[in-house]
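Worksheet for the structure shown next.
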Amino acid sequence: MKGRKFLKVTGILMIIGGSIGMIGGIIAVIGVGALAAILETSSGGLMFASILTLIGAVIQFIAGIMGVKNSARPEKAQSCIVMGVLVALFSIAGNIISTVLGNSFSVMNLITGLALPVLYIIGAVLNKREA
């Protein structure tokens with residue numbers, strides 16, 4: 001029962017975060033394209049980062065839906081674990097790309113970006129143990 005609730009709550013939070021991230025990602029992609037057109041320059045790095053943000057948000061949204069949908073099905077916990085790892089990897093990739101594009105590395109951003117995926121994975125593992 002503990003894993004089920006844990007996975008469901010973190011799944012709901014990931015749906016919310018993924019939704020907000022998708023909106024932000026779409027705005028970023030449009031904004032980078034407009035900025036490149038105005039400045040008559042290439043903004044490949046920023047566009048790549050914006051698209052990565054959008055893809056990561058979509059994966060987070062899907063992972064959240066899977067967590068909520070499969071919270072009562074411990075046999076589906078492995079797929080939730082995989083999705084949680086994907087979300088965590090996209091968070092790490094985002095931090096790396098941000099640093100490569102000139103921002104200073106922030107441990108706090110890394111920790112906050114990984115907190116929810118790690119909690120989601122813990123919920124999925126607890127749910128898997130209940131099988």
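Here the Cβ of each residue, glycine as well, is placed from N, Cα and C on the backbone.
Note that the structure is predicted; figures quoted are calculated from it, not measured.
Record features, source TrEMBL:
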type	residues	note
TRANSMEM	12-39	transmembrane segment
TRANSMEM	45-68	transmembrane segment
TRANSMEM	80-101	transmembrane segment
TRANSMEM	107-126	transmembrane segment
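When Cβ-Cβ distances below 8 Å are used as the criterion, the transmembrane segment (12-39) is approached by residues 46-47, 49-51, 53-65, 67-68, 87, 116-117, 120 of the same chain, each at least six residues removed from its ends. Counting residues 6+ beyond its ends, the transmembrane segment (45-68) has Cβ neighbours under 8 Å at 7-8, 10-22, 24-26, 28-29, 31-33, 35-36, 76, 79-80, 83-84, 86-87, 90-91, 93-94, 97-98, 100-101, 117, 120, 123-124 in the same chain.
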